[in-house]
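Annotated in Swiss-Prot:
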- 10, 11, 12, 13, 14, 15, 127, 136, 137, 199: ATP binding site (BINDING)
- 31, 36, 57, 58, 59, 85, 86, 87, 88, 92, 160, 171: AMP binding site (BINDING)
- 130, 133, 150, 153: Zn(2+) binding site (BINDING)
- 30-59: region 'NMP' (REGION)
- 126-163: region 'LID' (REGION)
């Protein structure tokens, strides 16, 4: 099964990726992991990517696509893969289509974990961290026994600057704009499937499992 997983920050993509990989035994391929592995192995493309990353620049499409091609040709991808964080643009999506066609494969599904903006805001702005021991809480999902105080060490809880409303709203807006053309592209191709990410974590995975059931029979 050849899958792409998509979702905005806070949609629970990481959790569902873990469950898919564990259940179906396919590798979870994230852009960050791919870059790190290619740089560690010292491949020509990995070294090129390192130059851009060290300068704080975006890695150009041709380098990213080359690294994805190298990764998908490895033995552990023969029975499928779960791509996460790639593609990010329609140009990358088209390159992925061409790359898979070269090796006689195609995507099965692009799974979009769909969560409304207001729910994402609540999830992302509710995080609180202990200044003393680093324990993490959430005002709604995992609140401390006493507001503002760490259960473990009694330290003060604070909100990280990048978890405040303005920063989170901006992050979601940027990601939404970037993702929309990609969702439209995969909708037209017939690969896109929306999963309601506002349900309990287990129900979200149950819906994904139901979708993927036809591929494993």
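Including glycine, each Cβ sits where the backbone N, Cα and C put it.
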Exercise. Listed AMP-binding residues 31, 36, 57, 58, 59, 85, 86, 87, 88, 92, 160, 171 - what's their greatest C-alpha to C-alpha distance in Å?
Worked result: 33
Problem set entry | For residue 160 (AMP binding site), nearby residues of its own chain (Cβ under 8 Å, 6 or more apart in sequence) | 127, 129
Seminar exercise, completed: The DSSP breakdown of the region 'NMP' (30-59) into helix, strand and coil residues is 23 helix, 1 strand, 6 coil
For this session: Can you tell me how spread out the ATP site is, meaning the largest CA to CA distance among 10, 11, 12, 13, 14, 15, 127, 136, 137, 199, in Å?
Result: 22
Exercise. Any idea what DSSP makes of residue 88 (AMP binding site), helix, strand or coil?
Worked result: coil
Exercise. Any idea what the Cα distance is from residue 153 (Zn(2+) binding site) over to residue 10 (ATP binding site), rounded to a whole Å?
Worked result: 27
Problem set entry | Alpha-carbon distance [residue 14 (ATP binding site); residue 31 (AMP binding site)] in Å | 13
Seminar exercise, completed: binding-site residues 14, 57, 59 vs residue 130 (Zn(2+) binding site), shortest C-alpha separation belongs to 14
